[in-house]
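Novice: From TrEMBL, here are the annotated features:
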- B:13-376: domain 'tRNA-guanine(15) transglycosylase-like' (DOMAIN)
- B:D91: active site, proton acceptor (ACT_SITE)
- B:D91, B:S92, B:G93, B:G94, B:F95, B:D145, B:Q197, B:G225: substrate binding site (BINDING)
- B:256-262: region 'RNA binding' (REGION)
- B:D275: active site, nucleophile (ACT_SITE)
- B:280-284: region 'RNA binding' (REGION)
- B:C313, B:C315, B:C318, B:H344: Zn(2+) binding site (BINDING)
Number of protein chains: 2
Amino acid sequence: MAFELEITHTQGRARAGTFTTPHGTVQTPAFMAVGTLATVKGLDPLDLRAMGAQMILANAYHLHLRPSDALVRQMGGLHRFMAWDGSILTDSGGFQVFSLEGLRKIDEDGVDFRSHIDGSSRRFTPESVMRIERNLGADVIMQFDHVPPGQSDVPVARDAMERSLRWLARCRDEFARLLREDADAPTPEQALFPIVQGGIHAELRRESARAIVDMGAWRGFGVGGLSVGEAKPDMYAMLEVVDDVLPTDRPRYLMGVGYPEDLVEGVRRGVDLFDCVAPTRMGRNGAALTQDGRINLRNARHRDDPGPLDEGCDCTVCTRFSRAYVRHLFTSDEILGLRLLSLHNVHFLVALMQQARTTLADGTFDAWSTEWLARYLAGERARGAVARPVTPHPKR
Amino acid sequence: MAFELEITHTQGRARAGTFTTPHGTVQTPAFMAVGTLATVKGLDPLDLRAMGAQMILANAYHLHLRPSDALVRQMGGLHRFMAWDGSILTDSGGFQVFSLEGLRKIDEDGVDFRSHIDGSSRRFTPESVMRIERNLGADVIMQFDHVPPGQSDVPVARDAMERSLRWLARCRDEFARLLREDADAPTPEQALFPIVQGGIHAELRRESARAIVDMGAWRGFGVGGLSVGEAKPDMYAMLEVVDDVLPTDRPRYLMGVGYPEDLVEGVRRGVDLFDCVAPTRMGRNGAALTQDGRINLRNARHRDDPGPLDEGCDCTVCTRFSRAYVRHLFTSDEILGLRLLSLHNVHFLVALMQQARTTLADGTFDAWSTEWLARYLAGERARGAVARPVTPHPKR
């Protein structure tokens with residue numbers, strides 16, 4: 001049945017399962033590649049399918065501005081438009097709108113903002129965002145929320161959290177109306193996920209999660225406002241707080257996360273779904289994920305390296321191309337280079353979650369994840385030169 | 001046997017056949033996609049294989065400068081380096097070196113020039129170019145020739161043509177030495193193609209072709225210095241002159257050509273192999289080839305067009321994506337856009353040559369090619385707004 005999560009294996013807080021959507025099933029835990037503008041940058045939907053991806057993400061804010069949700073709907077909805085017949089989740093655009101410092105004005109009803117493309121005046125309300133996400137036709141749609149700056153203090157985080165709850169009620173009502181009155185939308189049966197907010201404040205996170213649970217029989221839950229500059233232990237602590245409150249039989253989606261170590265740590269704390277632009281952004285910047293940390297392919301030491309990006313990786317890049325070749329593509333500004341690195345990096349995270357599922361199934365997840373993290377983080381420390389991307393907000 | 005051309009069907013001057021190389025057979029007539037720097041811009045070797053491409057081109061000048069032919073050889077040669085196990089032809093770089101106006105100095109022995117990348121001083125001679133092409137390991141390698149400016153008058157064209165003949169003799173001798181003394185090169189058995197020069201002067205073309213034929217038992221012939229600004233009737237006339245002289249049982253490669261109509265006109269005049277950067281360059285610029293001429297996907301009239309790039313095309317782009325989607329990718333600067341258009345455009349020319357082979361096999365080539373040209377050129381005239389790329393030298 002659509003939007004059921006069948007949990008098949010657990011170990012501690014970690015879980016493996018199958019999440020059913022109108023466009024197929026998603027084995028969890030899973031990493032969703034980010035296709036902000038209805039394309040995962042540099043990749044073809046066939047690439048995603050071939051690497052085992054089952055669910056991807058798109059962005060309501062971006063698609064509303066270009067090419068417009070009306071056009072996407074006219075073209076048959078997001079799945080048809082981008083030729084991806086698997087599951088899709090749309091983020092509401094709350095994060096994007098609230099990131100428009102100086103270009104937006106918040107009131108209780110919604111947000112006035114200027115388009116980052118042409119400066120035109122726009123207004124998002126919980127209701128308008130539901131209509132946009134209805135037009136796009138993703139399987140799972142996220143509520144419109146008030147996203148406070150990372151590391152906000154309690155009063156600011158509380159204000160945003162409470163407004164997000166009030167907006168959630170309005171999203172819920174408008175979504176229910178659309179389900180009834182707009183039945184011929186591209187994906188008639190969609191699921192609305194609420195978003196747990198509360199910054200890095202345990203009591204706010206707990207309060208947000210409890211209030212959301214009390215508001216309805218949700219098909220799943222988003223956890224937002226993390227990986228925005230806070231210390232990693234703070235993020236991990238919030239996940240445990242939220243895991244204690246949310247029902248175990250619904251998927252939890254940790255928004256905008258993340259890096260390989262965050263995925264593994266997230267799974268250890270009961271997270272089922274992740275998304276992040278990091279693998280494709282890193283790919284465009286010349287960096288590859290390996291089980292020994294990130295490497296920079298622009299580095300001269302790869303000049304004559306006949307080995308694959310990541311030893312033992314079975315992706316279509318590592319089985320065919322050398323580091324020397326990928327480096328040549330980058331030094332020559334050939335776009336195949338960023339395509340190959342994006343392919344490898346997305347595959348890396350998709351396969352990492354597959355490993356988590358496999359080890360959960362055979363009961364070795366704890367040992368595997370501990371060992372995996374030790375090796376990856378040791379590699380990262382050894383190569384201190386490979387800095388994190390400077391952006392403090394990789395995505396939400 | 002390697003480098004045999006088996007002609008299976010003819011109609012007038014047109015021929016269909018099978019050209020055997022150390023890396024497989026090539027059905028002719030064929031379009032070779034251009035992978036200047038060991039990558040067909042934006043495409044994966046698997047894409048080329050899937051669309052039926054059998055032979056591609058790379059460039060000795062560019063690869064010598066970056067990443068260097070020595071490195072390519074160290075990595076196992078061009079086939080291994082770029083993960084393309086089909087046939088490859090390398091252009092010698094004569095065209096590129098002679099295009100470096102103001103940065104090169106020609107003498108009888110060779111050419112001094114400055115690298116377009118770092119300004120470093122370099123020297124090409126017929127002998128050094130043979131060693132470069134030996135290191136790269138293509139199946140077919142082109143001689144180092146003196147390429148005069150397009151539309152050169154008879155004295156200039158004659159001088160270049162005669163020097164090309166003298167350099168051909170030196171290429172032949174050095175290549176023979178390498179076959180003997182450098183037997184463990186990446187592709188031990190290669191074929192050297194001479195290049196017929198002579199500008200748009202029939203008597204020079206005839207003289208060049210005859211002199212070349214008298215110089216050895218060549219495995220095939222290049223026809224260079226065309227599609228460099230001369231009128232199309234002049235180019236077509238030169239092909240007929242050359243066809244009259246060259247032996248019919250060897251492949252003829254028309255270098256740097258070209259546009260769809262030039263391919264069809266070339267086949268009608270006995271050409272077997274073509275190459276051109278136009279399909280990928282046009283793809284990066286937002287233009288698609290269709291049987292009714294070129295269209296510009298940036299044009300607003302494609303905004304809500306649910307149809308494919310080219311009606312009836314069975315490529316992986318046209319069977320999945322709408323013009324509206326491809327236009328969205330271009331207006332959003334998404335790199336998938338140029339990848340999809342490059343894919344479609346290269347497929348268009350590969351499939352066009354497949355149609356030529358099919359109609360040659362069933363005896364309908366004359367009628368098919370006449371009809372095809374009429375429709376394509378009518379579409380081009382109707383859309384006069386779609387100008388040719390401004391560069392007078394699409395490639396050689």
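Here the Cβ of each residue, glycine as well, is placed from N, Cα and C on the backbone.
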Novice: Taking DSSP states H, G and I as helix and E and B as strand, how many residues of the region 'RNA binding' (B:280-284) are helix, strand and coil?
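Specialist: For that range the per-state counts are 5 helix, 0 strand, 0 coil.
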Novice: Using DSSP and collapsing to three states, where does the residue listed as 'active site, proton acceptor' fall: helix, strand or coil?
Specialist: strand
Novice: Given the binding-site residues B:G93, B:G94, B:G225, which one's Cβ is surrounded by the fewest other Cβ atoms within 10 Å?
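Specialist: So among B:G93, B:G94, B:G225, the binding-site residues given, the one with the fewest Cβ atoms within 10 Å is B:G93.
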Novice: Going by DSSP, is B:H344 (Zn(2+) binding site) sitting in a helix, a strand, or coil?
Specialist: helix
Novice: Relative to the Cβ of B:D145 (substrate binding site), which residues of the same chain, six or more apart in sequence, are found under 8 Å away?
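Specialist: Set apart from B:D145 (substrate binding site) by at least 6 residues yet with Cβ under 8 Å, we have B:S92, B:G94, B:A160, B:S164, B:W167, B:L168, B:I195, B:Q197, B:G224.
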Novice: Taking the center of the Cβ atoms of B:C313, B:C315, B:C318, B:H344 at the recorded Zn(2+) site, which other residues in this chain have a Cβ no more than 8 Å from that point?
Specialist: B:P308, B:L309, B:D310, B:D314, B:T316, B:V317, B:T319, B:L343, B:H347, B:F348
Novice: Within the region 'RNA binding' (B:256-262), how many residues are helix, strand or coil going by DSSP?
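Specialist: Once the DSSP states are binned, the region 'RNA binding' (B:256-262) shows 3 helix, 0 strand, 4 coil.
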Novice: If you average the pLDDT over the region 'RNA binding' (B:280-284), what number do you get?
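Specialist: PLDDT averaged over the stretch: 96.
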Novice: Given the binding-site residues B:S92, B:Q197, which one's Cβ is surrounded by the fewest other Cβ atoms within 10 Å?
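Specialist: So among B:S92, B:Q197, the binding-site residues given, the one with the fewest Cβ atoms within 10 Å is B:S92.
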Novice: From the binding-site residues B:S92, B:C318, B:H344, keep only those with a C-beta under 8 angstroms from any C-beta in chain A, and list them in sequence order.
Specialist: none
Novice: Using the residues the record lists for substrate (B:D91, B:S92, B:G93, B:G94, B:F95, B:D145, B:Q197, B:G225), what whole-number Å value is the largest Cα to Cα distance?
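Specialist: Among the residues the record ties to substrate, max Cα distance equals 15 Å.
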Novice: Using Cβ-Cβ distances, find the residues under 8 Å from B:H344 (Zn(2+) binding site) that belong to the same chain and are at least 6 apart in sequence, listing them in sequence order.
Specialist: B:G283, B:A288, B:L289, B:L309, B:D310, B:C313, B:C315, B:V317, B:C318
Novice: Between the Cα atoms of B:D91 (active site, proton acceptor) and B:D275 (active site, nucleophile), find the distance and write it as a whole number of Å.
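Specialist: About 10 Å separate the Cα atoms of these two residues.
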Novice: If you count Cβ atoms within 10 Å of each one, which of the active-site residues B:D91, B:D275 comes out on top?
Specialist: B:D91
Novice: On the three-state reduction of DSSP, what should I expect for B:G225 (substrate binding site)?
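Specialist: It is coil.
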